Amino acid sequence: MNLRTSSTLLSLLILTVPIMASNFYPYTKKSYPIYVKTMVSYAFLVSLIPTMIFIQSGQETMISNWHWMTIQTLKLSLSFKLDYFSMILMPVALSVTWSIMEFSMWYMHSDPYINRFFKYLLLFLITMMLLVTANNLFQLFIGWEGVGIMSFLLIGWWYGRTDANTAALQAILYNRIGDVGFLVAMAWFLFNLNTWELQQIFTLNPTNTNLPLTGLLLAATGKSAQFGLHPWLPSAMEGPTPVSALLHSSTMVVAGIFLLIRFYPLTESNKTIQTMMLCLGAITTLFTAICALTQNDIKKIVAFSTSSQLGLMMVTVGINQPHLAFLHICTHAFFKAMLFLCSGSIIHSLNDEQDIRKMGGLYKSLPFTTTALITGSLALTGMPFLTGFYSKDLIIESINTSYTNAWALFITLIATSLTAVYSTRIIYFALLGQPRFPTLILINEDIPLLINPIKRLLVGSIFAGFFISNNITPTTIPQMTMPTYLKTTAMLVTLLGFIVALELNTATQNLKLTPPSNYLKFSNLLGYFPTIMHRLQPLTSLLTSQKVASMLLDLAWLENALPKSISIFQMKTSTLISSQKGQIKLYFLSFLITLTLSLIMLNFT
């Protein structure tokens with residue numbers, strides 16, 4: 001009992017430390033960013049204690065002691081669920097946020113509103129903690145909307161840029177589509193079960209849950225950038241690099257997958273929803289991997305790799321391995337945040353240059369960043385004994401031994417091999433070869449605020465997967481036996497991707513530039529999806545509206561139906577009842593002929 005009580009108190013302390021940091025320290029002081037970063041680091045260190053206690057004892061805790069309100073028969077209370085998912089994800093999110101905040105002090109040092117930027121990052125962290133620990137749908141929805149509005153503010157941080165404003169609006173609008181599904185699910189649970197508490201929902205175990213789970217899947221599709229609602233994720237790269245690292249590594253984008261993992265007691269008995277998740281995740285992971293192959297913006301390549309990994313997590317939930325998907329969330333956070341920070345280091349060093357075609361040869365001038373970027377890329381591809389290997393290898397093994405849907409699983413394996421291709425492309429273009437940037441650029445990475453956060457994430461990218469997978473037992477039963485060739489598939493697929501990428505890069509190095517093929521255009525223009533959705537569809541609807549307004553209303557009704565029809569009717573009526581036909585030329589001609597004949601006759605007489 002004492003162990004559980006101390007664990008609970010420490011967990012609550014973690015949640016309150018960032019809030020105390022934002023409230024008790026003067027917001028206008030120059031030292032505010034340092035204070036916030038220090039508080040988050042303390043919160044991370046404190047969070048390790050209850051996590052270790054939980055690992056040793058395995059006791060879940062639920063705190064529900066503050067009553068909010070009672071609406072007819074529904075009682076709403078503030079309740080926290082400190083279980084496997086929240087206790088493991090909290091230290092991961094706090095450690096990544098700590099590193100990103102320290103990196104932001106270097107990256108955003110010249111920004112006049114850096115204090116406000118840190119305030120936004122802190123609020124984002126608080127809402128994410130609320131989402132992770134929520135025990136009822138209403139509280140979870142508050143955290144869900146909180147991360148949504150904070151992402152809007154952070155993506156549109158450089159509000160003087162049109163692209164940043166458009167990207168922020170795009171993010172909020174696509175997420176609103178997903179929120180409709182969340183609200184439908186909340187309404188269904190309230191109407192049918194009269195509760196929003198997760199334990200009660202899982203205990204009641206309703207039978208026909210297709211509608212609420214489809215709503216939750218739509219919500220996850222919007223938040224986790226699955227196919228159809230994915231364009232906001234690459235567009236969100238218009239925000240500062242620390243924002244990209246925080247939102248698109250460990251926190252906001254995985255919230256949708258986390259929601260589905262939370263509801264796994266309902267999804268594991270619903271084969272329809274599992275198949276939908278599997279197919280949606282497979283399409284997402286392949287499509288975004290293809291899009292990443294031909295991008296030239298270094299941040300967009302990393303963003304598409306995030307979307308591809310989210311598709312892989314969705315596939316994992318779809319084959320009924322939610323705890324494996326959660327493990328991939330935790331491992332993915334470290335190396336993906338590090339990849340973004342390395343990209344930020346390169347971009348900042350090259351005077352805001354993001355095009356990989358204008359980089360090259362950086363392994364000499366940025367040796368530490370090069371080491372971290374290569375390690376992160378190898379971890380992303382699932383290189384053995386790096387962090388990504390411990391989750392990705394298990395996922396591919398589970399896919400190979402699953403009999404759910406061979407088509408979806410096959411294209412997921414293709415997407416996994418493409419991961420190695422675009423990772424090799426970043427290394428090849430940005431770090432190796434000859435420098436392709438101006439010689440006057442001053443590069444200096446010997447700055448503690450830059451080195452230390454990447455160093456911590458580098459350690460996490462190497463060892464975190466080992467520690468997490470060794471200390472946590474899988475609660476979803478894994479495949480116990482499999483043939484040797486299936487066991488080695490994950491490594492073989494990755495190696496195949498590396499070999500293909502290196503061969504293609506070497507073979508095409510000295511080729512003449514040819515007009516791009518349709519396949520390259522399809523990949524480079526993101527499958528024409530933004531063009532169709534953001535340009536063609538609005539243009540078609542606007543042109544249709546214009547035609548209806550001008551042709552149907554103005555021309556047909558206001559012009560043809562009334563004034564012109566009246567004038568035509570009057571003309572026809574007057575022509576019909578009048579003896580004069582209005583042929584004035586004929587009248588003049590007959591008059592002239594008559595006059596001429598009369599004159600001739602007078603002359604002869």
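Glycine is treated like the rest: Cβ placed from N, Cα and C.
Swiss-Prot assigns the feature transmembrane segment to residues 301-321, out of the candidate ranges 301-321, 511-531, 532-552.
Count of Cβ pairs under 8 Å against the transmembrane segment (241-261): among 8-28, 34-54, 87-107, 140-160, 482-502, the largest is for 87-107. Remote same-chain partners of the transmembrane segment (273-293), defined as residues 6 or more beyond its termini with a Cβ less than 8 Å from a stretch Cβ, comprise 209-210, 213-214, 217, 221, 225-227, 230, 234, 260, 267, 300-301, 304-305, 307-320, 404-405, 407-409, 411-412, 414-416, 418-419, 421-422, 425, 522-523, 526-527.
Only residues 6 or more beyond the boundaries of the transmembrane segment (117-137), in the same chain, are considered here, and those with a CB under 8 A from a CB of the stretch are 11, 14-15, 18-19, 21-22, 27, 32-33, 36-37, 40, 62-64, 76-77, 79-82, 85-86, 89-90, 93-94, 97, 100-101, 104, 108, 111, 143-144, 146-147, 150-151, 153-154, 157, 185-186, 189, 196-199, 240, 242, 246-247, 251-252, 255, 258. Long-range contacts of the transmembrane segment (366-386) within the same chain, counting only residues at least 6 positions beyond its ends with a Cβ under 8 Å from a Cβ of the stretch, are 305, 309, 331, 334-336, 338-339, 341-343, 345-346, 349, 392-393, 396, 416, 419-420, 423-424, 426-427, 430-431, 443, 445, 451, 454, 457-458, 461-462, 465-466, 490-491, 494, 497-498.
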